[in-house]
Amino acid sequence: METISAAITKNNANESFCLIHAKNNNNMKVNEADPLNWGVAAEAMKGSHLDEVKRMVAEYRKPVVRLGGETLTISQVAAIAAHDHGVQVDLSESARDGVKASSEWVMESMNKGTDSYGVTTGFGATSHSRTKQGGALQKELIRFLNAGIFGNGTESNHTLPKTATRAAMLVRINTLLQGYSGIDFEILEAITKPLNKTVTPCLPLRGTITASGDLVPLSYIAGLLTGRPNSKAHGPSGEVLNAKEAFNLAGINAEFFELQPKEGLALVNGTAVGSGLASIVLFEANILAVLSEVLSAIFAEVMQGKPEFTDHLTHKLKHHPGQIEAAAIMEHILDGSSYVKAAKKLHEIDPLQKPKQDRYALRTSPQWLGPLVEVIRFSTKSIEREINSVNDNPLIDVSRNKALHGGNFQGTPIGVSMDNTRLALASIGKLMFAQFSELVNDFYNNGLPSNLSASRNPSLDYGFKGAEIAMASYCSELQYLANPVTTHVQSAEQHNQDVNSLGLISARKTNEAIEILQLMSSTFLIALCQAIDLRHLEENLKNSVKNTVSQVAKKTLTMGVNGELHPSRFCEKDLLKVVDREHVFAYIDDPCSATYPLSQKLRQVLVDHALVNGESEKNFNTSIFQKIATFEEELKTLLPKEVESARTAYESGNPTIPNKINGCRSYPLYKFVREELGTGLLTGENVISPGEECDKLFSAMCQGKIIDPLLECLGEWNGAPLPIC
């Protein structure tokens, strides 16, 4: 019987052997200090989320993606998927030997009579069957997996988007380059050529459960490579190509491939379609997360919010890094903002004009967004690990001369990450809708007109009322999409695939969520720009009203009928306080109307002064009551003309007071929307609808044009909150 000490010695020896073996295997990297990869995962999360997004954007714009199997990023996948700036794919020559070795091992193993899954056996629940016709087996694999429906001749489109297909091709190449899959390097080169020539195989939209990988859609890439008659592709201009035409256009100077043992399985048994689409989704999700932080800050500006909600101590005491960063980003935008300075003065004039604290959609936006940023960031890292993983079965370990039968094809990281991301997107959308609802509601928006209407006649301008209804629709659909996909697993393939990830389905639903959040973001930003312009108009109109009231007060209240100084001259200061405190859009359509608050409160000032005028009121020459009618008549004569003059000057681009936004850190986004996209102030007098303007921004957002102005808003941020003073 073996002694305990002997057993320990033996185990230590075996452990040392395994580590030495791993170090000597060129295809494997073992970190003795971090054998479970938790350290690597934690290291990847260092630094700010914004810096990571900036790196993503920079990487997205590089002209070449060099594949080696282990360094692919989601931004590179997104770049190849979009192919909007001609980015090309290069394969690392250093990977050729490893790929070749695993391919040769499969052939040698079969020639020796070794029994290997998918090489000499059937597939899945029927793997008990055996054959020596390895090539024919691969051919049959592709045939029976071509089970997708495209809906040709119907109105429905059941073809996977080209972007997702291109992403899948790139990810599958990257996986196979690691040399554990038993496939010829020439096949990987052949998949690369259509990517570089924008020739895209047609894959079915549905039909995969992403375990055992994305079998059905990936089989159509294999079908094109093998020249199956049902294979189709799209050319650069969208033209439909058969397999031969696709080969010619892609520059594949070879006949269709006759797949060797294991090669068909290597092509189809992976998670590339789900993880490819997930990469595209997460690139956009990271941009939208930063955008939501900046839009929350702009919302605070136009709502005359109190900036203390971003104070670093508050968020430091909560400890969550996403929250701390979200608050710091908002703090940076608001620091030095002209809107914040003006709001501070306003709050000092009348502390009771608005609640002591802003509502939750403004005040708790960092606490709301922070965890969502963390979820999106963690999901990004999870998918980045997945697209650099070897995820087929069996795996060929040439160094140990064996095929490993496992389950890396299980795409659970995709399904879970996409479900979590979709939930985060829905929560961002909910915050955005709450902010939008406050912005258009004159009970909550601190003086902006109802529905953000900008016309002279508000009874014929309902502004963003339709947009608010649309936002409710978007938000409802987005929240419905937040329901998890991964809880709907069905047992498949004769109960062999009895648990499966549904990774691609979840990625597809998250892609839908991205689109809806982009609709919401574009609508919200157009509304914020409207609010910015209304604040500018408000300031100019108030200035005109204030000057006119001052002018009329001096003219009518300073002197008595006999040329003596009149007691009513002391009313001017209080009259101007009324103008300062009263919301312009509450009266500006008819500024002298006796039913509107301005006229009522101006009169009240004169009445109050008259009541304390004492005995002087009994004298006609010194009576303030006697001046009220004169003051009001003069104001009615002058004020409407001056208000119209101020509005006309504003509309012609020559306002007396410049727009505060010009000196704010949020200006690049405003400038992009107004100048680059050519949008303007929406009014009922104008034929342009809100949807037309939102459409311009949505299209630009889908093309990535919002990224530069967004990052420009944060260009001066040093990655840290302001010091606690």
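Glycine too: its Cβ is placed from the backbone N, Cα and C atoms.
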Item to check | Candidate sharing the (E)-cinnamate site with Gln357, Arg363, Asn393, Lys465, Glu493, Asn496 (per Swiss-Prot), from Asn269, Asn286, Asn547, Asn562 | outcome: Asn269
Checklist outcome for this item: What DSSP gives for Lys465 ((E)-cinnamate binding site), in three states, is helix
Checklist entry - Whose Cβ, among the recorded positions Ser212, Asn269, Asn393, Asn496, has more other Cβ atoms within 10 Å than any of the rest? => result Ser212
Checklist outcome for this item: Span of the recorded (E)-cinnamate site, as the biggest CA-CA distance among Asn269, Gln357, Arg363, Asn393, Lys465, Glu493, Asn496 in Å, is 58
Checklist outcome for this item: Quick note, Asn393 ((E)-cinnamate binding site) and Ser212 (2,3-didehydroalanine (Ser)): C-alpha atoms separated, nearest Å, by 9
Checklist entry - What Cα-Cα separation, expressed in whole Å, is found between Ser212 (2,3-didehydroalanine (Ser)) and Asn269 ((E)-cinnamate binding site)? => result 6
Item to check | Number of Cβ atoms other than its own within 10 Å, given for Gln357 ((E)-cinnamate binding site) | outcome: 12
Checklist outcome for this item: Students should find that the Cβ of Lys465 ((E)-cinnamate binding site) has, within 10 Å, a number of other Cβ atoms equal to 15
